[in-house]
Structures are given as C-alpha cells and as structure tokens.
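Quick look at what TrEMBL lists:
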type	residues	note
COILED	251-286	coiled coil
COMPBIAS	170-180	compositional bias 'Basic and acidic residues'
COMPBIAS	190-199	compositional bias 'Acidic residues'
DOMAIN	744-846	domain 'Small-subunit processome Utp12'
REGION	170-202	region 'Disordered'
REPEAT	5-46	repeat 'WD'
REPEAT	47-88	repeat 'WD'
REPEAT	89-130	repeat 'WD'
REPEAT	131-164	repeat 'WD'
REPEAT	350-390	repeat 'WD'
REPEAT	431-465	repeat 'WD'
REPEAT	526-567	repeat 'WD'
REPEAT	568-609	repeat 'WD'
REPEAT	610-642	repeat 'WD'
Amino acid sequence: QVLILKGLKQEVSCLCPSPDGLHLAVGYEDGSIRVFSLLSGEANITFNGHKTAVTALQYDHLGGRLVSGSKDTDVIVWDVINESGLYRLRGHKDAVTQVLFLKEKNLLVTSGKDTLVKWWDLDTQHCFKTLVGHRTEVWGMVLISEEKRLVTGSADSELRVWDITYIQEGKDPDEPESKKSKGSSPGTEENTEEDEMLELDEHPEERLLKCSKVGSIMREGRDRVVTLATDQTGKILACHGTDAVLEVFSVLSKEEIQKKLEKKMKKAKKKNKQNSEEERERIVELSLQEEIHRVTSIKASSKIKSFDSILSPKGELKIVLLLQNNVIETYNLNLSAQAPQAVRASRITIGGHRSDVRTLAFSSDNIAILSAAAESVKIWNRSTLQCIRTMDCEYALCSLFVPGDRQVIVGTKTGKLQLFDLASGSLMETVSAHDGAVWSIALSPDQRGFVTGGADKCVKFWEFELVKDESSVQKRLSMKHVRVLQLDEDVLCVRYSPNQKLLAVSLLDCTVKIFYTDTLKFFLSLYGHKLPVLCMDICSDGTLIATGSADRNVKIWGLDFGDCHRSLFAHDDSVMYLQFVAKSHLFFTAGKDSKIKQWDADKFEHIQTLEGHHQEVWCLALSPNGDYVVSASHDKSLRLWERTREPLVLEEEREMQREAEYEESVAKEEQPVVAGETQGETGLAGKKTIETIKAAERIMEAIELYREEMAKLTEHKAICKAAGKEVPFPVNPILHAYGNITPSAYVLEVFKKVKSSELEESLLVLPFSYVPDLLRLFNEYIHLGSDIELVCRALLFLLKIHFGQITSNHMLVTVIENLKKTTISRVSETRDVLGFNMAGLQYLKREIEAKDEVTFFADATDRFEEKKRKRKKKEKMVLGMV
C-alpha cells in the first residue's frame, strides 16, 4: 500500500486520473467531486453541482477541463484550473452512464440509461445530435480508431459500432465518404429494419459530423455490459458483464488495416486475374470482425466489478481487475503469441474477507480483534491494523476468545463449534453442538465455560477441559458438553448476568426469558417487542438488561422485577447488535441503517452517532477497557473507533445534528432561479449549499462593515471640521486584525476567500440591496488594477442576473458608465501583459530546445569519435598479435 486518499463520509462512486497522472478526480454518492493531488495526498479542489451520485468522470486530453455525469441526469463541465463550474447540460431523461471528450473537436458525447447517446457542441453548449439505435440502456461507450469510431454496449450481447465522419466547414454533407469497412461476417449484424439507426436532429443540417451504424460485434456474455473501456493507446478494447469473464478485443490501426488489405488484394489477384482493378477493390473489403478481432477471454476467480488495462511498448498487456468479493487481481497477456493466454501475475487478498463479516470479538488485553465470515477467521492487530492470522472455517455466526487469548471458538451456520489455536493457526477441534445454526455464544463470568444458543430450540452449557492428545505428550484444550435447556422456540441470543446467577435467552416468539443458571428454573419473561429480539446485553452491575429488536426499538428493563424502564426508537431499520460499555450504563447499538449509536441507559438519551459505514452494520465489539469499538458491515469493511479524551457536550452534539439536518434541507431546496434564464439545455454548474450561503453572508457582513465605516468617516470629518483640528479616528478591530486596511480592501479580501467554484452561487443568493455598493467598489478595484480577473467575473455575473433592476435604476447610470470605461481599458491591459508573457515564455522554450539540440548532437559526435578510437586500438592490438 502506497497511499490512502482520505475523503469525507460518503461512498466513492467514480474515479478518473488526470492525463498527467498527478491528480485523481473522485466522485461521491452525494454528488460532490474532489480532486486529489497524488503527490501530497491532499484534496485541493471540491466541486458541488450534482444532487445524487456521480456515475461518470472524464478529463479532456490537456487535463484543463473535467466533465461529470450523474444519476440526477445532468452533465456538468468543470474548469479544473480556475476551480469553477463552466455550465450544466440537461437532456438525458435517466442516469448518465458515460461521458467522453473528443480530442480534436470541442465536442462531448454522453450516454445514459434512457437508451440515448447525445452529442454536444461545447462552443454553443447545445445537443446537436441524438442517436436512438439502442433498444435498452446504454451502459458503456468508447471512442476508437483515432476517434473515427464509436463503440456502445447495452443490456444485450451486442457491441454496436458506429462510424463518425467529421464534416469540414463549407463541405456538402451528402458527399460520398470513403468507408473503412462495410460488409458483414456471420457475427456481424447489418442494419436490419428493427435495429436501424435513427437520428433525431435538433438542427436539420448536419454541420459537425455524421454518425452511421457499421455493424455489431457479438460478446460471449448474455447479460448487460458493466464496464467497456480501452487502454490509453486505443489498440485494446475490453468489456465485462455481471459475470467473471473479461473479453479482450484488439483494434487494428490504419497501417495494419492497409497491410491486411494489400494481402487480400494479392490473393484476389491470383484468384481472379480476369477481373479489373476496380472490381477487385470492391470485392476486397475488411469485415468489422477482422478490424476488431477477439483476442481472448479472461476468467477471474469471482464476479468482476471494474477493470483497467495498460499496454506496454513490448506488446504485453497488463490488466488489473477489482472483484465483487473484495479481491484485486492482475493478469499479463502476451499479444504477440500465436494464441494469447492470460496469466495471473498477482492478487491482493490478505487485507480483508471475501464475504460479509458476521461476528467480531476483542481479546482480554484489548490488542487482538477476531473477525469471522463465511470462509475464514482473521485475527487483526488493533494498533497496526494488520491481519496477523487467517484460518479457514465454515460459515461463522458467533465467536469468542478463550480465556488466555491463545484459542478462539467459532459457532457456525451448520451447528458446529470450531476451536482454533492462534499460535499455529490450525483447527484443533470441531464439535457438532446444535442441529441448526449456532446463533449466539457467551462466555461465563467465572471463565470456566460458555453457553450456546441455536436454531434447534436448545441452550447448551459447555466447560473447558484439558484432554490428552494422541499425537503429543502435552494436554490440549477441549470443550465438554455439561447441560442442556430445552425451549419451545428458536434461540437467537444468550447472555449471562455478571454474577452468573441469571441467564437471559432471546426467543423467536419476540420474548426474552430469564432463567436461574444453577437450577435452570424460569424467573422472568420480558415481552413487548413486536418482532424478535436479535441482540441484548446485561450491564456490568447486573441491574439493567437492554434488548434490541427487528422492530427498530431498544427496550431497557430492570433485572430485579423485569419492568420496562423505557423504549427507545433506535434505528431506521433492524437493530443488529447491542453491547454495554464496561463498568457503566452506556451502551452501543448497530443497525441495518448503516449507523452505530451510543445511548445512556440511566437518562434514556441518545449520546452520539458514529457515521462511516455505507451499508448494513452486522455486528460490533467493544474492547474490555471501553476505549475501542470495532464494527463490521455489508460494505465489506471493518471500522475501528477510538474514544478520545475530548469531553462530549450533549447540547453541542444536538446543535451539530440540527445543523446537519438544516444543511440537508438546504441541499433539497429548489435552486435559485436566474432572472431571464429559461430552464433549457444549459444552466449554471454549481448548486446552492450551506457553503455558498455562508459565503454570501460573509460578503453581506463585509459590505455592512464598509457602510458603517464610510458613515463613521463622514461623521468624523464633520467633527474635525467643527473642532478645527484633527481628532483621532477610532480603528475597527476587524480592520486592525487585517493590518489596518481600508474598508474597501477588506471587502476585496472577503471576495478572494470565497472558493472559485462557489462564487456564482454565492452572488446568486446575495440580495439586490447590496449590489449597488458592490458595483461602486468594483469600479474602485478595477481603477486601481487589483484582481481584475476575479472582479470582472463577479461584475459580469451580477450584471447578467440583475440586468433589469440595474438598468432601471437611475442612480447607477454613472457607475455603469465609469465601469464601462475602466473595465475595457484594464482588461485590454491585462490581456497585453498575458500576451507578452506568453510570447516571452515561448521564446525561452525555443531557446532551451535549440541549446538542447546542439548539446545532444555534440554528445553524439563525441561518442562516435570515441568508438572510432577504440576500434583503431583494437585493430592495432590484433595486428600486433599476428
């Protein structure tokens, strides 16, 4: 592992590296995009524009622009250098699945689940062509053959191939174009009536390009395309469906096509000598299957989630696969071989489980963590977070560390108890304990044995014993069945009271029955849950029992009379696990709503929520000292939480919760409407967030301060005039903190601190009453020549959105006139400076290149001379020997 890029709490939904390989754009489930630097590991840029998960990301070939598609059907183009949004493109009716920039032209291609492929002209920001030749969702799309071909993958086993013909200005679109391939082979489908390519043109003239279907390549897979991609050279095309097979195709280059055609021509000449040259050319055409031919299929060890490939200059293809079961595999493929076969080079597996972790346990010294899933038991070091033991087991449901922490016991779905030795990592013993699944296991407080509860309606008591091993002299640990408690329903959970007097048993009939441990006589029945109790725990002083149920409630009961103290609505889905913190009445619950919550059983209060998991949390474990919580989820992750020394103030937590709820409601609100702008194909890239509101508030506060200071200054001048002498002017503490700057300079400082990507949205929520002051200030800034680019951007945006009110306000006529004069002159000055600098840099570049060429050639001549000298020396030596 080289680097971890730490994001926020949301799940990553999309990745895209920049062309220079120095940055990585990451799309999240909540619609935000962050650009990380791979050198520092920091997230430098954040873009907020989408309402839901980002599904597609793509950089242009220079890395200056980034385009994103989302489940909210919008496509947004971002300026990475200026860190701002350029525009939003609306047109798809369902989630966007792929977005591609064209290198040569300023065009964009997008595909969606609405079965459409749309072509966008980015100069005019409108959709000029829509391809509707697909019957189902378009799941993937790539450009090949130097962007002359488009390949699309949908929910069937066809990869449709389209020819793209770019139309030069002033050229008749109906002129016959030379097609690189026609014809059809058995695997190719020509344009049949039902699958004929239809084109919906928003503009009747085809002024930019023509797109026509050439045919189809048949995949082996019958399901939908999940990923369709090429390597960087565009020579290799690969795709996979929802299964474990990756299909690899090779795309012929112009030169290779030419060679193949020449070979075919020679054969045709030999066969049909009587045919003329033109006839032979018409006969000899490459089929689509020959241009894009199948190389091989790679069978992975599990279903494929995603892949990437790189073609080395030597012709070896390296492919990395991310599998559904949490494994990463790399394959090498030698393309120059007669029958290329993929060889698995390496795989990353030790880092985690292949399936969901269903049980967790902490060792008594708080150092080791046990996690068990359907295929293995793993022991982790808590401090280094490294896996130190992996042992194969059956489907595990419950587990515990044997006192001494040298062995572990795992209860399985088949009703067995498996005893593992940690030193050797071996299975020591397997005992058939129950006829059904072993749902729960609990260590007795005296540490001499344990109790298990299963689906066979039995609670069984076990004791540890040392038995003589036949193979060795030493005795080994074993477990002996002592007693059994037969019940009427399946047992879901068992727990001992700390003094070992009572045993609590949760049953499938939604009740919890409490028995005396010594006589197994019935003591109490706790009923009140509407659905079965899945988890429970008794606090360390034995006074309270808390039960968590599938009805989403947690009930707190007294263990003396079995009275219900309080019922708490704990989670938005089933409560899966519950455990008390040692020596306290605080407890943690884990729910299917992906949250972990901490509660106070005395005050019946919710203390805090630990958010981090993205899917159902199956189980958690608390360390014996109460400093650590480890949790396991359906998102295939184990998360370790540490108790900090920072005091927790409940009022602050509530305040933070309210703020989070307000932020969510802001994001769900309707976006502010720009006056005079229709809800058409394009719109503003950003969206209203809590950050943009805060930025607008800071701007408003700065203008208020500016107004106050101006009023004070006028008042001060009047006082000085009346007094006939200079009276000291009181300094504003805020301006003093900024180094005694002027009020107008302070407003500019506030503007500079607004994130580039949030500027437009912040100005959009700014009330008009602040705009006249801003325009006057902008006039001052432009006149002084400070931050021309930023000020002009804000000025033009304000003029655009408040055009009607500004033009109808007579007070602003002179301000606008002044702005017109100063802006034009200042912007042209800035342009001249930039032009001069660009010319200077290009001149320096040419100078350096010229120098390098000279030294390069000088180097070569020196080496040549040296070789000559060595050769002469060798010849002399040979002659001497003769």
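Just so you know, the numbers here start at 1 and follow the chain as drawn.
Quick reminder: no glycine exception, Cβ is built from N, Cα and C everywhere.
Predicted-model confidence for the repeat 'WD' (5-46) is 91, expressed as mean pLDDT.
Here the repeat 'WD' (610-642) has Cβ contacts under 8 Å with residues 9, 11, 29, 326, 352-353, 356-362, 364, 366, 369, 371, 380, 382, 385, 573, 576-577, 579-584, 588, 590-598 of the same chain, all six or more residues outside its ends. Taking Cβ pairs closer than 8 Å, the repeat 'WD' (5-46) reaches residues 52-59, 61-63, 66, 68, 70, 72, 78, 80, 83, 611-612, 614, 635, 687, 755, 757 in its own chain, all 6 or more past its ends.
Residues 94, 97-98, 100, 102-104, 109, 111-119, 179-180, 189, 195-200, 209-230, 234, 237, 239, 251, 253-254, 288, 292 of the same chain lie 6+ residues outside the repeat 'WD' (131-164) yet bring a C-beta within less than 8 angstroms of a C-beta in it.
When Cβ-Cβ distances below 8 Å are used as the criterion, the repeat 'WD' (568-609) is approached by residues 531, 534-540, 544, 546-550, 552-556, 615-622, 624-626, 629, 631, 633, 635, 641, 648, 650, 653, 657 of the same chain, each at least six residues removed from its ends. Taking H, G and I as helix, E and B as strand and the rest as coil, DSSP gives the repeat 'WD' (350-390) the counts 0 helix, 19 strand, 22 coil.
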